[in-house]
Amino acid sequence: MSKLDMDTPEFSANEQELIDKEFTRLERNQSTYLDHAGTTLYAESQVAHAAVQLHHDVISNPHTSRSTGDYVDQVRFKILEFFHTQAEDYQVIFTANASAALRLVAEHFDFGDKGNFHYCQENHTSVLGMRQMIQANGTYMLRREELSELREGHRVRRVMANGSSSTGNSLVVFSAQCNFSGYKMPLETIQLIQDDGLPHFGKLIAGQEDKETNGTAYNYYVCLDAASYAATNPLDLQKYKPDFVCLSFYKIFGYPTGVGALLVSRRGAELLSRPRQFYGGGTINYAYAHAMDYKLRNTSLHERFEDGTLPFLSIVELLEGFRSLERLIPTNSNTGISTMDRVSRHVFTLARYLENQLKQLKYANGQPLIQFYNHQGYEQRSRQGGIVAFNVRTESGGYVGFAEIACVASLHGILLRTGCFCNVGACQRYLQLDDQMMDVIYKRSGRICGDYNDLIDGQPTGAVRVSFGYMTRTSDVRKLVEMLEKSYLSSRSPERWRFIEKQASQLPKALQQRAQSLRPRLLELAIFPVKSCAALKAKKWPLTAQGLKYDREWMIVDRNGLALTQKRCTDLCLIQPSIDKDNLILMFNGDTNSSISLPLFLSDDDLQAAARCRSKICRQPIEGSDCGDQVAQWLDQNLGLDGLRLLRQSTQRSSSSHQLSLVNQAQFLLVNRSSVRSLQFEEPLDETVDRFRANLIIDTGAPFDELDYTSLSIGRIHFKVEGPCQRCDMICINQRTGERSPETLTTISRLQKGKMRFGIYITRLTDKEDNAELNEEYHLICGETLEVD
């Protein structure tokens, strides 16, 4: 047992018991929640209080009732108290979130004559967005070191020439805690900037470079993005006095969402003076409809900037958020350590423990499993918060894509964050991506923020982030460590297929000749009439302009109109469709073994009577006809859910020039049994093939050579290859039992050098492209040969 295993926990046994009782839903859902930097979890008593209050109280619009306004003002006072300040020093402007607070500063900060805008590279995307609307002389990006140098005595003495006053107001924005790595910026920097300016301007990004004053002719103001920091750390505005502080309360309490704040100091308030381009209700003394005259309120700062009606029902619930936090984690009566300081100690200890445990994970050849992304490690709580960012390495030193980690974690009931976390500057810094590589990633490869394009040329485009809250337990950390160890160190690494290990030229001549004479054939046809349900296997099947006839023509949606897939309900694989001359028959191969039949053909009157419904597949809108209450009740009964409906597509989507049914990407998905065989799973090969839910199954004799195809023919039908299929965690579901196992995903990633590609998407060539008559009925037939053009 390591020393860190024996650290004294921050919370007493009684406190931990009370905390656990507030988060019983985690155990009920078998969830391990490790994304507190995204949002923390709300205590169950918070939402219970909200329900009681909404049930019993009558809370009117604050523009109607002064009592509601007083209630909102109580929340303002509590916010100031929480951050150790008072109304004489700071004012609270409610916003939608921290991003909206940053926008407010960007819109209204008065840079004066020649003021500049400076921001730290490792900032949230919202800070980058400020650049689009500021009216500064120059915009500069500062590296973290250029700010931390202020603590080392490298100061600028502002001496005005001939006793003149400052010619501009410069604004410096940085995060109190980096939401990517958890690094904490020294808050002493705030006053040093305000008093002595910047020793380095940073890199000029836009505007005009100041070559004359070297920063001596500016007043400096600091905007502190405290959204990440304030969630798990004490922020004392009596000790550290930024001019602007941006907050999101859901990061502190989990509930309510949609409420943030901009705290403005008296000094900062003087600079929020740029003319408004818009005003809303509650912010003016008067306005004329017949003329442009209006006058803004000036009795208090927040009245000038809080447009319209505040989300007052959410704001009043903030009080219960403060109460819950202070009730569950009271100030330590023996040591005087405050609530938020105790939270800070708890999450830092967990982060340090996780780093210690992950450092011990190594492959047999000594290669560390984990690459960490932080500045100074986990030795000082004053410089590091409860966030651990990392990537997983392969045994050969390559990278495992973060999308795979997200899928494997999901299969283990662990919720964490992957990508760049809306902090592209930190992402570029930690992953050591130069500007040229950034262009490759975002402009040439087509990656966009939030997608799962995780490896490009073997290099990661993002990372994995784990973050903690006061309700996180040591057992949650252990579960993550065990998942990584089991998935990447303890599991059997699949061997390469012999055809790949031994080059073709090394085969005996007889086998070489035999291999050359063999042509791969279409072995199996699978049609999926109902999206995400079981396959209908056939030896021969007709084609339409959309692909295989009836393939993904029906879909099940929930009460919100969202498509139900096996990611949410694995029992869908137990619904076995079949089609006879006139009907679609659905059989549930579960407890009930019941079936239901639907007509394939409807009269015009029936079509007119059917309800029209809308949904989306891969962000493309689709429209369908509701198949009625009888089948809806059958689905509810067998799947154990409420409000399900069966839709039949009635309009065609368009992808490029090809029509699609309810498939995700292309008309057909093709899988090579040789590629499946190379995975070497212990289960029967047919079961593994079924996991990939392909329409066309071939066997080429060599794994993964289908990835080199650009076009192919099966019989007299010609196809072009759209590209490889990027797999998700649905392939981890056994299509015969509904059971999940992560081995499929992790094995594919290893074989594909960190990518999750398996199978290829193909599209039938149209008449324009291949002179084929799509109006003529064609069939695909098992046993037909496959020709690669």
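Quick reminder: no glycine exception, Cβ is built from N, Cα and C everywhere.
The active site annotation in Swiss-Prot covers C422, and the record cites sequence analysis as its basis. If you look up Swiss-Prot, you'll see 628-789 marked as domain 'MOSC', on the strength of sequence analysis. Positions annotated as N6-(pyridoxal phosphate)lysine by Swiss-Prot, on the basis of sequence analysis: K251. Per Swiss-Prot, the feature phosphoserine maps to S741.
Features per Swiss-Prot, on structure.
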residue	record	DSSP (3 states)
K251	N6-(pyridoxal phosphate)lysine	helix
C422	active site	coil
S741	phosphoserine	coil
Confidence over the domain 'MOSC' (628-789), expressed as mean pLDDT on the 0 to 100 scale, is 81
If you measure between the CA atoms of K251 (N6-(pyridoxal phosphate)lysine) and the residue listed as 'active site' and round to the nearest Å, you get 15
Ordered by sequence, the long-range same-chain Cβ contacts of the residue listed as 'active site' under 8 Å (at least 6 apart) are H124, T125, S126, N179, C449
Note: in the chain of S741 (phosphoserine), residues six or more apart in sequence with C-beta under 8 angstroms of its C-beta are L411, C732, N734
